[in-house]
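Engineer: Got a structure for you, written out below as structure tokens; questions coming shortly.
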Amino acid sequence: MSHFQYQNGVLHADSVALSAIAEEFGTPTYVYSKTALLENFGAYADACTGRDALVCYAMKANSNLAILDLLAREGAGFDIVSGGELLRVIAAGGDPGKTIFSGVGKTVEEMRLALEKGILCFNVESIPELHRLNEVAGSMGKRAPVSLRVNPNVDAKTHPYIATGLKANKFGVAFDDALATYRTAASLPNLDVVGIDCHIGSQLLDDAPLLEALDKLIELIDTLHGEGIHIHHLDIGGGLGVNYGAEGDKPPVPVGEYLGRLFARIDAWRAQKHGGAPVKVIFEPGRSIVADTGVLLTKIEFLKPGAEKNFAIVDAAMNDLMRPTLYQAWMGVQEVAPREGDKLTYDVVGPVCESGDWLARERALNVQPGDLLAIMTAGAYGMTMASNYNTRGRAAEVIVDGGRVHQIRRRENPAELFALESMLK
Ligand code: LLP
């Protein structure tokens with residue numbers, strides 16, 4: 001059930017009216033629900049009960065320290081893609097020992113930091129990366145735990161910008177090269193081969209491609225076993241989608257069902273081939289943990305009727321929420337206090353100087369300047385992808401906890417945006 005519902009004609013986050021939040025914190029503001037966050041994580045945690053499994057939240061989806069802290073307290077590990085993200089995990093009280101490091105371009109400094117902090121595993125994506133990691137670990141007198149991100153060449157059937165498991169993508173080691181790459185990894189003195197991983201794409205509504213990828217990984221684990229390379233964990237990546245609510249969209253497969261099918265396959269394979277010996281399973285979900293926990297609250301500045309289109313110009317923009325312009329993503333728009341009467345069709349646009357600065361197109365609204373809108377399902381890849389384009393301070397973030405509202409990031413002010421700059425001496 002959505003945690004953003006109308007009560008007495010006003011859209012609420014749990015029991016708090018979004019209009020009250022706008023009054024106290026201004027707009028644009030990202031508003032999250034703590035209950036929704038814990039429910040989403042709980043769906044993964046419940047499905048993993050009694051198993052050797054770890055949910056490493058992909059924090060690129062939403063890396064606010066308060067969100068990380070809440071998830072860490074629930075036992076989450078983290079999937080990071082930079083040294084900066086590792087420092088966030090630590091600042092939020094997360095456990096580096098439950099942290100995996102993904103990404104195609106890890107620098108020497110990032111590797112060193114991750115080895116110092118003792119992360120769980122490096123998800124390595126190429127042979128040059130194996131050599132670099134081997135050298136860095138050797139120079140520190142350490143051994144680096146390694147998993148290879150294998151590209152199973154499965155079509156995730158999602159938007160091309162967020163499909164990652166096909167041959168044409170920059171990610172991972174090609175399936176056909178995986179064995180040779182594992183041999184290289186196993187031969188390097190400062191690496192410990194511990195796992196195998198993949199991530200085939202994002203916003204997957206069906207689990208069939210994920211299960212197909214699992215089958216490919218299983219096949220490879222058996223081949224490696226035959227070579228004396230033993231894999232201790234299997235990481236299937238993230239990718240489960242959410243319902244953004246566009247007309248005709250089908251809902252994603254529920255987390256519990258997907259994990260149930262995945263564990264059943266793993267159990268059957270282990271029973272048949274490995275005498276039932278368990279293997280640790282790792283997940284890297286991002287969107288399915290945070291997307292529907294948040295909305296972007298924004299105020300209408302002006303209405304601008306036009307010959308071809310009507311525009312509702314709001315105080316949030318593409319710099320606050322990139323998804324529409326970057327992926328032509330459809331995001332739901334709800335009036336915070338709906339008015340009685342006829343609706344007009346509007347494009348909801350921001351003040352940034354680009355035609356691409358739109359948040360929603362052709363929506364039926366009955367609105368006036370000063371009215372509030374909520375851009376729905378904006379908790380994932382919203383604030384983390386925000387920029388300061390046009391010297392716009394990034395939005396505030398608040399989280400609703402029952403009836404209480406906590407500000408978890410204050411609004412940036414313009415002076416802060418150029419504080420790091422200097423003129424020629
Ligand atoms: N693991 C790896 C290695 C990833 O690259 C990603 C996402 C995830 C896990 C988490 O995937 P999720 O569970 O969130 O689907 N900005 C885009 C999505 C980019 C996804 C990048 N990688 C969007 O707003 O749709």
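One is the number of the first residue shown, and numbering goes on along the chain from there.
Glycine residues also receive a Cβ, built from the backbone N, Cα and C atoms like all the rest.
As listed in TrEMBL for this protein:
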| type | residues | note |
| --- | --- | --- |
| DOMAIN | 30-379 | domain 'Orn/DAP/Arg decarboxylase 2 C-terminal' |
| DOMAIN | 45-291 | domain 'Orn/DAP/Arg decarboxylase 2 N-terminal' |
| MOD_RES | Lys60 | N6-(pyridoxal phosphate)lysine |
| BINDING | Gly239, Glu284, Pro285, Gly286, Arg287, Tyr381 | pyridoxal 5'-phosphate binding site |
| BINDING | Arg287, Arg323, Tyr327, Glu354, Tyr381 | substrate binding site |
Engineer: Which of the binding-site residues Gly239, Arg323, Glu354 have a Cβ less than 6 Å from any atom of ligand 1?
Structural biologist: Gly239, Arg323
Engineer: What three-state class does DSSP give Arg323 (substrate binding site)?
Structural biologist: helix
Engineer: Name the residue among the binding-site residues Tyr327, Tyr381 whose Cβ has the smallest number of other Cβ atoms within 10 Å.
Structural biologist: Tyr327
Engineer: Taking the Cβ of Arg287 (pyridoxal 5'-phosphate binding site) as the reference point, list residues of the same chain whose Cβ is under 8 angstroms away and which are at least six residues distant in sequence.
Structural biologist: Ala61, Ser202, Gln203, Gly238, Leu240, Gly241, Val242, Ala380, Tyr381
Engineer: Excluding Gly239, Glu284, Pro285, Gly286, Arg287, Tyr381, please set out which residues of the same chain place their CB within 8 Å of the center of the CB atoms of the pyridoxal 5'-phosphate site, keeping sequence order.
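Structural biologist: Same chain, not in Gly239, Glu284, Pro285, Gly286, Arg287, Tyr381, Cβ within 8 Å: Ala58, Lys60, Ala61, Ser202, Gly238, Leu240, Ser288, Ile289, Ala380.
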Engineer: List the Cα distance (Å, whole number) between Tyr327 (substrate binding site) and Gly239 (pyridoxal 5'-phosphate binding site).
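Structural biologist: Tyr327 (substrate binding site) and Gly239 (pyridoxal 5'-phosphate binding site) have their Cα atoms 16 Å apart.
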Engineer: Please state how far apart, in Å and to a whole number, the two most distant Cα atoms are among Arg287, Arg323, Tyr327, Glu354, Tyr381, the recorded substrate-binding residues.
Structural biologist: 27
